[in-house]
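Q: Pasting a structure here, questions to come.
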């Protein structure tokens, strides 16, 4: 057995965490021979609920779970971390402007970034889930100057999985048969789900998605809006935001960081845009197609970008630049 790793989940009394914690504890994310010390952080009013979650994790009697720590104190939560999954954020309330949401979250992620900087291992991998995820991730990274910015990523894997699922449903195959879809940009309704480079396995051979579907107007229209608005559709139907699918996407994202991506396959994640070859401005936290090896991501280079894609990629970059500007004004005054 290897040494236990310390894994933090914030917002640990919430819906997403409730769907996520069992998968982390049972070896689905870090492997079946990796012991784990699981650290659960939430705000003080949630500590009663968190106690219940702690009891349930104990009652799961998971052999890999060496310890579970529930706390509302950052100096305990962020100590010596190997992995931080930042799920907790201020949710958007009715009538709340996106700007107000940004302001509340800048405060949270500035504090958590500073706590990572002060207490966590410098090799910590930080995954931001709480919305607005891209800008929250950038805020945390800026507030943790001693941790390499490449160690920070935000979740667009849920959008990626949603795109795969839509293509699979349309073609009557399983999601497994679809690969190399891309989510460009922000985890918001401006994201651009791109299947120009995606492949699908049909009758044992790989075909381009455009060629397989022969329905360009669906791919350039309804498909894109369905993926962009899927989160809102789930809320409308379930009266709660996506939790099971979000937790599954977090597992996929973190597992790929840990073990790498399969040969010939790429995935989507929000990462720092510095030095990219797709004309996206530097210093944005933008979702790109990446491959991962030895816990290090690399942007997939050289994919041809048509005019339709270019426009969509620039639009979501513009939104991210505006969010960043607003967040940094708050950051300066926070």
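Just so it is clear, glycine is given a Cβ too, placed from its N, Cα and C backbone atoms.
What Swiss-Prot records for 187 is active site, proton acceptor. According to Swiss-Prot, the NAD(+) binding site annotation covers 11, 12, 13, 14, 15, 16, 17, 42, 105, 112, 129, 130, 131, on the basis of similarity to another entry. Under the heading substrate binding site, Swiss-Prot lists 92, 98, 131, 162. Sequence annotations record features per position, and here Swiss-Prot assigns N-acetylserine to 2 based on similarity to another entry. What Swiss-Prot lists as N6-succinyllysine is 110, 214, 298, 318. According to Swiss-Prot, the N6-acetyllysine annotation covers 118, 121, 298, on the basis of similarity to another entry. According to Swiss-Prot, the feature phosphoserine maps to 217, 241, 309 (among others), an assignment based on similarity to another entry. For 230, the entry in Swiss-Prot reads omega-N-methylarginine.
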Q: So among 11, 98, 131, all listed as binding-site residues, which is physically nearest to residue 318 (N6-succinyllysine)? Use the C-alpha atoms.
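A: So, of the listed binding-site residues, the one sitting closest to residue 318 (N6-succinyllysine) is 98.
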Q: To the nearest whole angstrom, state the Cα distance for the pair residue 17 (NAD(+) binding site) and residue 121 (N6-acetyllysine).
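A: Just about 23 Å between their Cα atoms.
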Q: Taking only the Cα atoms, work out how far residue 118 (N6-acetyllysine) lies from residue 131 (NAD(+) binding site), in Å, as a whole number.
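A: With the alpha carbons as reference points, the distance is 24 Å.
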Q: Far apart in sequence but close in space: which same-chain residues, 6 or more away, have a Cβ under 8 Å from residue 230 (omega-N-methylarginine)?
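A: Those within reach of residue 230 (omega-N-methylarginine), by Cβ under 8 Å and sequence separation of 6 or more, are 159, 162, 242.
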Q: Long-range same-chain neighbours of residue 131 (NAD(+) binding site), Cβ under 8 Å, sequence gap at least 6?
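A: Within the chain, residue 131 (NAD(+) binding site) has Cβ neighbours under 8 Å at 89, 91, 92, 101, 105, 187.
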Q: Spatially, and counting Cα to Cα, which of the recorded positions is closest to residue 110 (N6-succinyllysine)? Options: 98, 121, 129.
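A: Nearest listed residue in space: 129.
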Q: Counting Cβ atoms within 10 Å across all protein chains shown, which of the recorded positions 2, 15, 105, 241, 309 comes out on top?
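A: When each Cβ's neighbours within 10 Å are tallied, 105 tops the list.
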Q: Measure from the Cβ of residue 121 (N6-acetyllysine) and count the other Cβ atoms within 10 Å, all protein chains considered.
A: 18
